[in-house]
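Report on one structure; see the data block that follows.
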Amino acid sequence: MAAGGGNDGKSDDFQPFPVKDQLPGVDFCVCTSPSWPESILHGFQHYLLMLGTTVIVSSTIVPLMGGGNTEKAEVINTLLFVSGLNTLLQTFFGTRLPVVIGGSYVFIIPTVSIALSSRYSFLTDPNERFKESMRDVQGALIVASFFTMTIGFFGFWRVFARFFSPLAAVPLVILTGLGLYSHGFPQLARCIEVGLPALIAVIFFSQYIPHLIKSNRAIFDRFAILFSIVVIWVYAEILTAAGAYDNSVSKAQFSCRTDRSGLTSAASWIRVPYPLQWGRPSFHAGDAVSVIAASFVAIIESTGTFIAASRYASATPIPPSVHSRGVGWLGVAILLNGLFGTGTGSTASVENAGLLGLTRVGSRRVVQISALFMLFLSVFGKFGAILASIPLPIVAALYCVLFAYVASAGLGLLQFCNLNSFRTKFILGFSLFIGLSISQYFNEYLLVSGHGPVHTQSTWFNNVMQTIFSSPATVAIMVAFFLDCTHSYWHDSVRLDNGSHWWEKFRSFNADTRTENFYSLPANLNRFFPSF
């Protein structure tokens, strides 16, 4: 024993890293903010990022509904306007985390099904067909919003969250990020000469320049998204102006050129979106059930995003009551989607949660400023349309980095689990694998056959199955939660292995003094809406 005394100075090198219920190294947590000028720049960066998903979703569904560039521009501005409202509501009254609430890919399946319905076959006017299908989508969203609000405001999601362990959260958060891999490099590769330089640029600006240029102020890493977009957008403009794509195929023309979106000429200078702008919503039971399934998936994926955002905002683990409150306000967001007619529902933005990790700025104020950009630039449509003309491969390059940050937030939760437990290894590995495998099967089947593997006479049932099982995060959490609650649960070691004991003091809102600092409602509203 005495012979080992000379190595005492190095003994700390072999100690495991301590468990942290708050992520260290964050420059600004949820309750603090940079200076006002820097906050405005960060807010604009968040706005630019969520604009990509807004354009992609709207550009997918509007043409299928029969709309042209004018309708596309109006839907994009409407979705931006509603996203601004929903982000403010979520950051003030929901989870209070710095999350952007924007358009969701999850609702594309039921929306496309409605748009392609044979009930519009008698309509020859594309504009009339667009309005009819939009009204049907609106009605389905309104019905689905009450399902989501019931799950949240009546505390059903709080009950689920009380049994939620770090082990079950790991595959949920990981696949909330990794599950969107098809929106990364596959979309980047549609214009590799623009997308690949964008990917290299964002990595270089965020990861290498800060270490090459020693400075007391973090500039390049915090604003890597802005620098990358500006540099590569100018590069893409030069390629377009030089005629690099004049003789290219139409696919390259659409993905690479900076003058092909058609949004700038179609957008109005000033237009304020308003409820029921497309007419009175129509209600169909089958459509509503399909969109309710999409709302369920949005709840799951938003929960994963909330957890990632809480880590990168250096907040404590989210209490079950706050989870439920956030889901309730997500239901309000979907209701506003239905009333205004955005063509899709809402979810917490995964890419914006990843940006919190990239910049290490988890400020709530920054995200609220980004919401003001959404509201302002949606009204002044021409300005927003110019920014929306950024080539989508540039946006996909940013996704490659930001989705990875969200996935790594899930990996960070492994610190609470016993990785030497074979039970942990099985639940973790199996839920991750089956979440990716099942969703890949459903998505590939849809691409090859034109319909999902569940192909019955009931279109609404087919849509429900396709929507739920094409989401990797949803499949993974259903498997992980079930296994964690049933597999060897009577053993005393399970509570320690799955990390539940680390989150135990955060199950109740008032059990830890830090919880109130991060999650309490403004203006002392907790008196009227207590959290349990």
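Here the Cβ of each residue, glycine as well, is placed from N, Cα and C on the backbone.
Some features that TrEMBL has for this protein:
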- 44-64: transmembrane segment (TRANSMEM)
- 76-93: transmembrane segment (TRANSMEM)
- 99-116: transmembrane segment (TRANSMEM)
- 137-157: transmembrane segment (TRANSMEM)
- 163-182: transmembrane segment (TRANSMEM)
- 194-213: transmembrane segment (TRANSMEM)
- 225-245: transmembrane segment (TRANSMEM)
- 288-309: transmembrane segment (TRANSMEM)
- 329-350: transmembrane segment (TRANSMEM)
- 396-414: transmembrane segment (TRANSMEM)
- 426-443: transmembrane segment (TRANSMEM)
- 463-483: transmembrane segment (TRANSMEM)
Original post:
Looking at 99-116, 288-309, 329-350, 396-414, 426-443, which one has the highest count of Cβ pairs under 8 angstroms to the transmembrane segment (44-64)?
Top reply: 99-116
**OP:** Determine which residues of the chain contact the transmembrane segment (396-414) at the Cβ level, with the cut-off under 8 Å and only residues 6 or more beyond its ends counted.
**Re:** 23, 49, 52, 166, 169-178, 180-181, 183-188, 190, 195-196, 198-199, 201-203, 206, 225, 228-229, 232, 304-305, 307-308, 311-312, 350-358, 428, 499
Original post:
How about the transmembrane segment (288-309) and the transmembrane segment (225-245): do they have 3 or more C-beta pairs under 8 A, pairs 6 or more apart in sequence?
Top reply: no
**OP:** Counting only CB pairs under 8 A, let me know which of 76-93, 99-116, 137-157, 194-213 has the most with the transmembrane segment (225-245).
**Re:** 194-213
Subject >> Interface present between the transmembrane segment (426-443) and the transmembrane segment (163-182) (three or more C-beta pairs under 8 A) >> reply: yes
Original post:
Out of 76-93, 137-157, 194-213, 329-350, 426-443, which stretch touches the transmembrane segment (99-116) the most, going by CB pairs under 8 Å?
Top reply: 329-350
Original post:
Are there residues at least 6 beyond the ends of the transmembrane segment (76-93) whose Cβ is under 8 Å from a Cβ of it, and what are they?
Top reply: 50-51, 54-55, 57-58, 99-103, 263, 267-268, 271-273, 277, 325-326, 329-330, 332-333, 336-337, 340-344, 346, 348, 364, 367-368, 370-375, 377-379, 381, 384-385, 388, 521-522, 525
Original post:
Mind checking which residues reach the transmembrane segment (329-350)? Cβ under 8 Å, same chain, six or more beyond either end.
Top reply: 49-50, 53, 57-58, 61-62, 65, 75, 78-79, 81-83, 85-86, 89-90, 93-95, 99-104, 106-108, 111, 134-135, 137-142, 144-153, 176-177, 180, 273-278, 281, 291, 294-295, 298-299, 301-302, 305-306, 308-309, 402-403, 406
